[in-house]
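> What follows is a single structure, and I will ask about it in a moment.
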Amino acid sequence: MKASMFLALAGLVLLFVVGYASESEEKEFPIELLSKIFAVDVFKGEERGCKGFGDSCTPGKNECCPNHACSNKHKWCKVYLGK
């Protein structure tokens, strides 16, 4: 039962992709399709002024984003719990 439902869903997705591909004449079809599916332009890098969780940092320079702190031991940004 689960396998037949999975195959039916996969078939519908494949039908949607093939139908959309037949209408699209642009060469950038895969990028366009992915950006429409996820509704985010993931192919253009987004820069931010602070470093997030797990990014390397230098202790004492305050490079990490708000609610994060640079670990003296590991030298990467971690979540600051307020202690």
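Placed from the backbone N, Cα and C atoms, the Cβ positions cover glycine too.
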> For Cys77, what is the disulfide-bonded cysteine listed in Swiss-Prot, choosing from Cys50, Cys64?
Cys64
> Between Cys57 (disulfide bond) and Cys50 (disulfide bond), find the distance joining the two CA atoms and give it rounded to the nearest Å.
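Pair distance, Cα basis, whole Å: 10 Å.
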> Using Cα-Cα distances with a 10 Å cut-off, which of the recorded positions Cys50, Cys70, Leu81 are near Cys64 (disulfide bond)?
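Hits: Cys50, Cys70.
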> Counting other CB atoms within 10 A of each CB, which of the disulfide-bonded residues Cys50, Cys57, Cys64, Cys65 comes out lowest?
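The disulfide-bonded residues Cys50, Cys57, Cys64, Cys65 were compared, and Cys50 has the fewest Cβ atoms within 10 Å.
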> Say we define neighbours as other CB atoms within 10 Å of the CB. Which of the recorded positions Cys70, Cys77, Leu81 has the fewest?
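Candidates: the recorded positions Cys70, Cys77, Leu81. Fewest Cβ atoms within 10 Å: Leu81.
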